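Here TrEMBL flags 1-16 as signal peptide. If you look up TrEMBL, you'll see 37-145 marked as domain 'Reverse transcriptase Ty1/copia-type'.
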Amino acid sequence: MAILLLMLPDAFFAYSDLSTGSSNRGADGTRSSLGFFVDKMGFLRAKVDQAVYYRRNDQHLIVVVVHVDDCAIAASPKALIAGSKQQLGKFVEVTDLGDLHWILGIEIKRDREARTIHLSQHSYIDSILRRFNLEDAKPVSTPMETHLRLSTAQSPSTTAEYAQMRDVLYREAVGALMYASLATRPDISYAVLVLSRFATNAGPAHWEAVKRVFRYLKGTRDLWLSA
């Protein structure tokens, strides 16, 4: 397993003034080094998010954000990263990658002079359009129709209606949309929230509404979330 050190955009941890980091990616079949971070380097799990670990004293702070075998590490002051790299090198292979540009399907662009950061999931959007066979769907300008009203009355209630929806990947599609809404596309959050209510018994009308969100993402795949 290798832990890859890199520079994180300042705004990634703006409220903590964190400036450097790493990406940890384990080879297939290897155990995550999360236990190493927690046990060997004295990290604590944050109460606000179980995927966030930290170690701090009165002047210094190191934060580790973990997803399976991927992670990003940020530290303040910047010099702490050298010490962390030396520690990690005693246990695993360490390679310095420089600035962070991609993580978990999210592209990251940074303008240091303007002190801005921009996030995009255009590649992820392309992949889920392919997954649900919607690459050729016609784009629309809004994630939901203006006067659309969805309810459980539109859910299947007969054998024929259940059969019609049996092979529809409704929950998987809503889950794919939810990741985008939580990461970089808050503009679809309301639509995803509404559609998730019907995940246990979705009907054709609900599925058409899901496909509309995909169509909206197709037409807006190049939007960036900026801060």
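Note that the numbers count up from 1, one per residue, in the order the chain is shown.
Note: Cβ is positioned from N, Cα and C throughout, glycine not excepted.
Unlike curated records, TrEMBL annotations are generated automatically.
Note that the structure is a prediction, hence the values are computed from the model and not measured.
In the domain 'Reverse transcriptase Ty1/copia-type' (37-145), helix, strand and coil residues by DSSP number 24 helix, 41 strand, 44 coil. When pLDDT values are averaged over the domain 'Reverse transcriptase Ty1/copia-type' (37-145), the model yields 83.
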